[in-house]
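These notes are about the structure you will find just below.
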Amino acid sequence: MTVATEDPADEAAALPGHPQDTYDPEADHECCERVVINISGLRFETQLKTLAQFPETLLGDPKKRMRYFDPLRNEYFFDRNRPSFDAILYYYQSGGRLRRPVNVPLDIFSEEIRFYELGEEAMEMFREDEGYIKEEERPLPENEFQRQVWLLFEYPESSGPARIIAIVSVMVILISIVSFCLETLPIFRDENEDMHGSGMTFHTYSNSTAGYQQSTSFTDPFFIVETLCIIWFSFEFLVRFFACPSKAGFFTNIMNIIDIVAIIPYFITLGTELAEKPEDAQQGQQAMSLAILRVIRLVRVFRIFKLSRHSKGLQILGQTLKASMRELGLLIFFLFIGVILFSSAVYFAEADERDSQFPSIPDAFWWAVVSMTTVGYGDMVPTTIGGKIVGSLCAIAGVLTIALPVPVIVSNFNYFYHRETEGEEQAQYLQVTSCPKIPSSPDLKKSRSASTISKSDYMEIQEGVNNSNEDFREENLKTANCTLANTNYVNITKMLTDV
């Protein structure tokens, strides 16, 4: 007698709701398949399902990582930084946590994040953890003509004509500042300088004749130079305004506010002089108007800050001060406490002295500030033993107070300085990571003409090259075809980044 027995697996599969109803052994095997990654000779092993958690990245996308596959060794080879890959692999294993190894510099780890295409979110998380300050986005106008004009006046490094305009602007600023200083020399001042309002017109009033004389000086050389400078500043400002991508954001930019401050005093002074009537002098209003004009003329000195638009050093200094406002606020607060404390102490220490130089606590504020900042003019000095002890403590406290926030400010300056220098180097250098496809000449011309801003164009060019890399990988997987392409790629990227 023959007894037919069912396979236990079949019986289990026949049960309703059993997990094997949807079980796919091939899919499970594929996800659990191990993959070997060789990083400059150091081999790492992980599972495909670990890498598949982030399919948009270089290692998570099978098509992207295929270009680095070595069929002879059955592994993926990357000639990259080995210590950094520990953190890169942990990013996949932990589900998105990115921690920089202590022995890897910031710039190298940032390059590794970009190479493995972990994405902007991972980069922002890394920068936030490292204390980086988020860079402001600087959009470009959508209109082609406005974009070219905006790049011409706003980005001197974008092209040759833009550099020429920047040089002209710097020369005009310097001429304006030199003229502002020279017109105050005694040899250039009129004998009636006290009645000289703006370098354009001056008025004299004679009591003996009870007459009013007005002498215009529109032919004065300083007025002509000032007018020419204002014409250039106004033209530059209006062109920037009409070509800017955002009219509302244009007036919130500190550089544009400086431009307005540099232009307005001229027109206010000119309008005041032209609108002033002779009878105003008899009514005693001339002195007040001249005082206002002197204050307005003083604002012209802020024109020197226009140089910061063309000076990376001044921009770095401004960014450092902006990032260090909290530390500077603490410094001023500590100095305020010290001034109140030591001015009060030196006043009471010198109170019994007959020839005391500290008649009151407010009078001692100046001495406390000078002593705490270690300037020490010597115009006010304590003479008693108690006053000298207070002065010694004041100087020591000032040194300690000023020294405490300085390292933080220096650290911020180093950060902005290195970020600026690294950005310039990055814009001039593209690292060859694989065998790219040479872009066609029309695309190359378009890349050179459509956008000429170094940093943003660099990112667009790099993205285009990466896309061509994927197309080329599908056509050629053999490494023998890479040598010539790499040579041509270096020449092309050098030509693109020389702008």
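Cβ atoms here come from the backbone N, Cα and C positions, even for glycine.
The region 'Disordered' feature in Swiss-Prot is assigned to 1-26.
Sequence annotations record features per position, and here Swiss-Prot assigns topological domain 'Cytoplasmic' to 1-160 (among others).
Summarising the annotation, Swiss-Prot assigns transmembrane segment to 161-182 (among others) and lists similarity to another entry as the type of evidence.
According to Swiss-Prot, the feature topological domain 'Extracellular' maps to 183-221 (among others).
The annotation N-linked glycosylation site is assigned in Swiss-Prot to ASN207.
Counting residues 6+ beyond its ends, the transmembrane segment (222-243) has Cβ neighbours under 8 Å at 141, 146, 149-150, 153-154, 168-169, 172-173, 175-176, 179, 182-183, 188, 199-200, 250, 256, 259-260, 262-263, 266-267, 306 in the same chain. The transmembrane segment annotation in Swiss-Prot covers 222-243 (among others), and the record cites similarity to another entry as its basis.
Under the heading topological domain 'Cytoplasmic', Swiss-Prot lists 244-254 (among others). Proximity of distant same-chain residues to the topological domain 'Cytoplasmic' (244-254), defined by a Cβ-Cβ separation under 8 Å and at least 6 residues beyond the stretch ends, is recorded for 139-142, 146, 150, 318.
Feature annotation from Swiss-Prot assigns transmembrane segment to 255-275 (among others); the stated evidence is similarity to another entry.
For 276-289 (among others), the entry in Swiss-Prot reads topological domain 'Extracellular', with the evidence type similarity to another entry.
Swiss-Prot lists 290-310 (among others) with the feature transmembrane segment, giving similarity to another entry as the kind of evidence.
Look at Swiss-Prot and you will find 311-325 (among others) tagged as topological domain 'Cytoplasmic', backed by similarity to another entry. Helix, strand and coil residue tallies for the topological domain 'Cytoplasmic' (311-325), in that order: 13 helix, 0 strand, 2 coil [DSSP].
Residues or ranges marked as region 'S4-S5 linker' by Swiss-Prot on the basis of similarity to another entry: 312-325. If you look at the region 'S4-S5 linker' (312-325), the same-chain residues 6 or more away from its ends with a CB under 8 A from one of its CBs are 133, 254, 305, 405, 408-409, 412-413, 416-417, 420.
Annotation source Swiss-Prot lists transmembrane segment at 326-347 (among others). Through the fold, the transmembrane segment (326-347) approaches residues 358, 360-362, 364-365, 367-369, 371-373, 382, 387, 390-391, 393-394, 397-398, 401-402, 404-405, 408-409 of its own chain, all at least 6 residues removed from its boundaries and within a Cβ separation under 8 Å.
Long-range Cβ contacts of the topological domain 'Extracellular' (348-361) within its own chain (Cβ-Cβ under 8 Å, at least 6 residues beyond either end) map to 367, 380-384, 386-387, 389-390. Here Swiss-Prot flags 348-361 (among others) as topological domain 'Extracellular', drawing on similarity to another entry.
Below 8 angstroms of C-beta separation, residues 335, 338-339, 342-344, 346-347, 380, 391, 394-395, 397-398, 401-402 of the same chain, each at least six residues beyond the ends of the intramembrane segment (362-373), sit close to that stretch. Swiss-Prot lists 362-373 (among others) with the feature intramembrane segment, giving similarity to another entry as the kind of evidence.
Residues 357-358, 363-364, 366-367, 391, 395, 398-399, 402 of the same chain lie 6+ residues outside the intramembrane segment (374-381) yet bring a C-beta within less than 8 angstroms of a C-beta in it. Residues or ranges marked as intramembrane segment by Swiss-Prot: 374-381 (among others).
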For VAL381 (site 'Important for binding with the scorpion mesomartoxin'), nearby residues of its own chain (Cβ under 8 Å, 6 or more apart in sequence): GLN357, GLY391
Counts by DSSP class (helix H/G/I, strand E/B, coil) across the topological domain 'Cytoplasmic' (244-254): 5 helix, 0 strand, 6 coil
Cβ contacts under 8 Å made by the transmembrane segment (161-182) with residues that lie 6+ beyond its boundaries: 151-153, 155, 188, 222, 225-226, 228-229, 232-233, 236, 300-301, 303-304, 306-307, 309-310, 452
Positions on the same chain near the topological domain 'Extracellular' (382-388), where near means CB under 8 A and six or more residues out: 346, 349-350, 352-353, 355-358
